[in-house]
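Feature annotations, reproduced from TrEMBL:
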DOMAIN    1-387  domain 'Major facilitator superfamily (MFS) profile'
TRANSMEM  20-40  transmembrane segment
TRANSMEM  47-64  transmembrane segment
TRANSMEM  70-91  transmembrane segment
TRANSMEM  112-131  transmembrane segment
TRANSMEM  143-167  transmembrane segment
TRANSMEM  203-222  transmembrane segment
TRANSMEM  242-262  transmembrane segment
TRANSMEM  274-290  transmembrane segment
TRANSMEM  296-314  transmembrane segment
TRANSMEM  335-351  transmembrane segment
TRANSMEM  363-382  transmembrane segment
Amino acid sequence: GSINNIFVRFYGVSAFAIDWLSMSYMLTYIPLLFPVAWLLDKRGLRLIALAGSALNALGAWVKLGSLKQHLFPVTVLGQVICSLAQVFILGMPSRIASVWFGSHEVSTACSFAVFGNQLGIAVGFLVPPVLVPNVEDVEKLAYHISIMFFMTAGVATALFILVIIVFKEKPPYPPSRAQALIQSRPPEEYSYMQSILRLLHNANFLLLMVTYGLNTGCFYALSTLLNRMVIHHYPGEEVNAGRIGLTIILSGMVGALISGIWLDRTKTYKQTTLVVYIMSLMGMIAYTFTLSLGHLWVVFLTAGMLGFFMTGYLPLGFEFAAELTYPESEGTSSGLLNVSAQIFGIAFTISQGQIMDRFGTKAGNLFLCSFLFLGTIMTAFIKADLRRQQANLDNEQT
């Protein structure tokens, strides 16, 4: 996404085809969430981590076979394999936090896991424009792309080896009373299908699912189309387009950490989620009206503000969902949130791309603003039914 225009020229395909390299992640997630969430429930964290890191490494090596201009389908195949890996990885933050961390640090732990996810996206904005300059010579371009693909494959393989050596299933003792209750439940009492049905009958969770999808879907669309937006207003600024994306992610990582620590201190899930949602809307409006002013430093500023709140919202959604749906599996609740995000992400990316082509970038960004406004109103109607907190309190009293 951050070097969209270069790949369009190298493979001789449309910008929309390159957008699908990003959207393939969203598309594969939707049908595969339920089998993977079932595996997470039945087989635990270690198998999921191994499968995710193995598929990511495999997909990265497959892409090395696509360094000729006619081999775009091979890049698509590698990308789809990597997108399968993401199905395993995305539901893990809230599950790892609950299984390994106590009630006073669980939200901070979740925000650190989301922080890691965002760090990868930040590298994806920063490194490709530096490694793959916009040169005319096709052979030279293929050489630069090969360096990027080799680096990705090397890192993905190293992570797979680390998971094999380091990653453990769970600690010897449950870290919280809420987790002890879940672990002491007989396996025959738990039905995965019943768990999903209970989640889909939880009105507060359904509201959160839609609002999370709207917010994160806007973020996916924005990050996928960022290169096109910036190049439109600032021609030849591919590297700065990547840096603006990096700014969005880095400020968001700070926002995610702060929101996690804040939740552990205050337990104000509803209030914090609503405030962050309102600020995401404000950030999007500011970004929309400053993009075309002709001053890149202003775009950096407003993009940073937008990222701080929009990405800072991700761990809030996971943790709020874990509270509203306890004692259901965190992998299932966060997975459903992510399915909502992927569906809205695909719809928003395609729609905003079409609107930008016909009516310009401002119209496309205003389209996203309208949905963030809708999400803000819906968030106000979520009741703070903090069931996990209550389980910890009840057990302290008894």
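Including glycine, each Cβ sits where the backbone N, Cα and C put it.
TrEMBL does not curate its annotations; it predicts them automatically.
The transmembrane segment (47-64) is in contact with the transmembrane segment (143-167), judged by 3+ CB-CB distances under 8 Å for residue pairs 6 or more apart in sequence. Using the rule of three or more Cβ pairs under 8 Å, pairs at least 6 apart in sequence, the transmembrane segment (242-262) is in contact with the transmembrane segment (296-314).
When Cβ-Cβ distances below 8 Å are used as the criterion, the transmembrane segment (363-382) is approached by residues 204, 207-208, 210-211, 214-215, 217-218, 221-222, 225, 229, 270, 273-274, 277-278, 280-281, 284-285, 287-288, 291, 320, 324, 344, 348, 351-353, 355-356 of the same chain, each at least six residues removed from its ends.
Ranking 20-40, 70-91, 112-131, 203-222, 296-314 by CB pairs under 8 A with the transmembrane segment (335-351) puts 203-222 at the top.
20-40 is the stretch from 20-40, 112-131, 203-222, 274-290 with the greatest number of Cβ pairs below 8 Å to the transmembrane segment (70-91). Here the transmembrane segment (274-290) has Cβ contacts under 8 Å with residues 211, 215, 218, 255, 259, 298-299, 301-303, 305-310, 312-313, 316, 362, 365-366, 368-369, 372-373, 375-376, 379-380 of the same chain, all six or more residues outside its ends.
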